[in-house]
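Notes follow the structure.
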Amino acid sequence: MASHNTDDEEEPDCKNSPLSYKERRREAHTQAEQKRRDAIKKGYDTLQELVPTCQQTDVSGYKLSKATVLQKSIDYIQYLQQQKKKQEDERNALRKEVVALRIMQTNYEQIVKAQQSQPSHTETRVSDEVKFSVFQLIMEQLFMTFRTVSVNNFSELSAGVFSWLEEYCKPQTLKDTVLRILQRHNIMMRDQSSN
């Protein structure tokens, strides 16, 4: 009797539904598969819109294949990762430069404060004219000594330059030369101011 009731319950469903259970299942599966395909197609279309190298058709003029879209997307993502790493490296280098520049700035500020706190330094500040004059005298002195170097050929010039450097450009020799020039310059300045 119970089994008879079950049959009675199933019969009205079958009569009311135009499709059989199998057909309904097949249709639901087909719809789900179509939704999946539409989602995949939409994903590929979105990739083509986002990836610059996918925004053209292939050489034959046809739309790019899905495999090509994927490969070009992978290539583009790898390129972006390389660019990101390069920018991070550049940013890190710039940060280090900023730190170094701030250290230099602090040091220069301390030097300026130290000079400003010593009035004798501000009073004896050397003008650009005097600096140029002293530099000119030093260079004239060096050029006069350089006249001893032979310039007949390259080998004589090379040998002469090395000898000249050893004789006239050693730190102590240069120091003595600069001191003599400064003394001479001071005497010249005193003579000019007294006249």
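Any Cβ shown, glycine's included, is placed from N, Cα and C.
TrEMBL tags one of the stretches 49-76, 77-104 as coiled coil, and that stretch is 77-104. Beyond the coiled coil (77-104), no same-chain residue lying 6 or more positions past its ends has a Cβ under 8 Å from any Cβ of the stretch. Note: the domain 'BHLH' (24-80) comprises 45 helix, 0 strand, 12 coil (DSSP; helix = H, G, I, strand = E, B).
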